[in-house]
Amino acid sequence: MHTGIIGWGSYVPKYRIKVSDIASVWGKEEGVVKALGLTEKSVPAADEDSTTMAIEASRDALTRAMIDPREVEMALFGSESKVYAVKSTSAILIDALGLSKFSLTADLEFACRAASAGLRMAFSMVESGQVSYSLVVGSDTAQSNPGDVLELSSAAAAVAFVVGRAEEASAVVEASTSYVTDTPDFWRRDGMPYPLHGEAFTGEPAYFAHIYEAVNRLLQDTGLKVSDFDYFVFHQPNGKFPFQMAKKLGVPLEKVKQGMVSTLIGNPYNASALLGFARVLDVAKPGQRVLVAPFGSGAGSDAYSFVITDKILERQKLAHTTDYYIQRKKLVDYASYAKTTHKFKVYD
């Protein structure tokens, strides 16, 4: 392909709650927290949502891209936690960021994989010459039923990428593939405030099977081997699954660590694997190769092979790193977290 990532940006709210505090409120055993491999999760402020976070991440991505925002002719937004059930967030991005009003826009849905599906679409549209640049954003204030195990991991963050031609790219996409089946591991019906999950399906039938198939197909199609890659980034529903996935594929664990964000902030759904990818781009060197494999319940996985170019060196310095947002933090208690994430029902 002749396309790639030109600019990237991250955003993580500064508030955190200890996973052990959530577990304590609901009387969960210490072993439950330990099994997830998590310590803290990010919490949105009272005035933050998936739209505001998307704007923050996109500003950094556009800064790194070093282009006029009006040249962006496509905006795709992937999220499980849209502010409006019926109103386009991607249209809000057009005006908020000063993108071209003659743009193709869409809000995408496929659980945690929606933004990744958007990336494949963006690469194709730029490759075909139908648009010059595309903005793809994944942003979630992840939802979870109070007391459910999901509440221990569901977090908030956003990540954005500007896609353009290979000659301008910081990371050129070599190849991509997808693997999708009808697997009922996680769902939320219309009108339900929180998702449900079929625990028997969440591990092997969903996460592991789909990522394995997508990555294996990518390696077969390209003729590349695990040893050809410097970094691997997998979807991160918790702090353990990505390392188990690495072992299943024969990937050295050292190649996974830089792309891990869930161990630091929890699982921000659409900003999970892609935020890990942004964290890799913050430190990657020219010539290095990165494999990225997002996953979305329902279920599907994409796999990408990226090669880093020398253009990344200048752009790494132009905006805040992912770690900047991860490291600036303020702890809150469960009551504050429950209030800002609207866990309480208020009746007038």
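For all residues, glycine too, the Cβ spot is worked out from N, Cα and C.
Over in Swiss-Prot, the protein carries these features:
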ACT_SITE  GLU80  active site, proton donor/acceptor
ACT_SITE  CYS112  active site, acyl-thioester intermediate
ACT_SITE  HIS235  active site, proton donor/acceptor
BINDING   GLU29, CYS112, SER153, THR202, HIS235, ASN267, SER297  (3S)-3-hydroxy-3-methylglutaryl-CoA binding site
BINDING   LYS240  CoA binding site
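Among the recorded positions listed here, namely GLU80, CYS112, HIS235, LYS240, CYS112 has its C-alpha nearest to that of SER297 ((3S)-3-hydroxy-3-methylglutaryl-CoA binding site).
Ranking the recorded positions GLU29, GLU80 by C-beta neighbours within 10 Å puts GLU80 at the top. According to DSSP, GLU29 ((3S)-3-hydroxy-3-methylglutaryl-CoA binding site) sits in a coil region rather than a helix or strand. Less than 8 angstroms from the CB of the residue listed as 'CoA binding site' sit ALA35, LEU36, GLY37, each of them six or more residues away in the same chain. The separation of GLU29 ((3S)-3-hydroxy-3-methylglutaryl-CoA binding site) from HIS235 (active site, proton donor/acceptor), Cα to Cα, is 26 Å.
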